[in-house]
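TrEMBL lists Arg19, Lys26 with the feature site 'Transition state stabilizer'. Feature annotation from TrEMBL assigns site 'Positions MEP for the nucleophilic attack' to Arg158, Lys213.
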Amino acid sequence: MKPTVQCWAVVPAAGVGKRMQADRPKQYLPLAGKTVIEHTLTRLLESGAFQKVAVAISVEDPYWPELSISKHSDVITAPGGKERADSVLSALKALKDLASEDDWVLVHDAARPCLTTADIHLQIETLKNDGVGGILALSSHDTLKHVDDDTITATIDRKHVWRALTPQMFKYGMLRDALQQTEGNPAVTDEASALELLGYKPKIVEGRPDNIKITRPEDLALAQFYMEQQA
Ligand code: CTP
Ligand code: MG
């Protein structure tokens with residue numbers, strides 16, 4: 001199903017996966033018959049929501065050219081950057097002759113291979129008439145504590161705390177400008193924070209809890225379990 005608005009996908013995939021402690025970046029680890037990044041890209045491509053998928057890949061990456069999906073006609077490769085935000089900006093620049101300023105871009109971590117088509121379309125349908133855009137997010141089931149030196153200093157009202165997932169959906173021109181203006185700022189750990197720093201108010205759309213990010217070794221088994229449940 002093609003949405004009535006033009007959407008592009010951007011996939012930062014230039015990280016080294018330090019916390020995963022594997023022999024290669026985590027996006028190239030095997031999971032249910034494919035590599036992690038092949039699952040992620042296949043899900044984006046098969047959703048039918050996107051004109052193209054721009055992927056940021058480290059210039060020293062020997063694994064990417066070996067995957068047939070790197071040659072897919074709807075996949076564009078851009079050079080990765082030092083931080084995640086640099087990689088995203090690089091992929092946005094690779095779309096400059098294709099995307100219009102007001103087209104939507106959905107930025108999605110390569111390390112989140114369990115994203116569903118349902119969540120992609122829910123996000124686009126919920127936000128397509130919004131002036132800014134927004135992100136998939138999860139509420140917290142646990143009681144949350146503010147802590148200093150192993151000592152609780154406050155209980156945080158759970159209603160107001162959400163966990164930021166991806167995709168993060170913003171207008172092409174607005175996102176590019178926000179990332180350019182906040183370049184090098186360590187507070188920019190996701191796209192939304194770049195827009196927040198400029199005074200914009202991104203929305204949240206409640207996403208599915210199975211959209212996990214592969215971060216530590218035990219996450220691979222969990223992702224495999226979720227994929228079996230989804231099938
Ligand atoms: N990423 C990127 N460019 C960077 C750093 C990260 O494109 N310079 C990407 C990763 O490849 C990943 C996503 O951003 O798909 C989310 O980052 P994270 O989970 O932190 O991945 P890594 O940085 O690879 O892992 P770690 O922090 O454990 O080293
Ligand atoms: Mg990282």
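Every residue, even glycine, has its Cβ placed from backbone N, Cα and C.
The structure, with features from TrEMBL marked on it.
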residue : record                                           : contacts (Cβ under 8 Å, 6+ apart)
Arg19   : site 'Transition state stabilizer'               : Thr215, Arg216
Lys26   : site 'Transition state stabilizer'               : Gly15, Gly17, Met20, Val36, Ala111, Ile214, Thr215
Arg158  : site 'Positions MEP for the nucleophilic attack' : Ser139, Ser140, Thr143, Leu144
Lys213  : site 'Positions MEP for the nucleophilic attack' : Asp109, Ala111, Arg112, Leu165, Asp219
Next item on the list: May I ask you to report the DSSP-based helix, strand or coil state of Arg19 (site 'Transition state stabilizer')?
Entry: helix
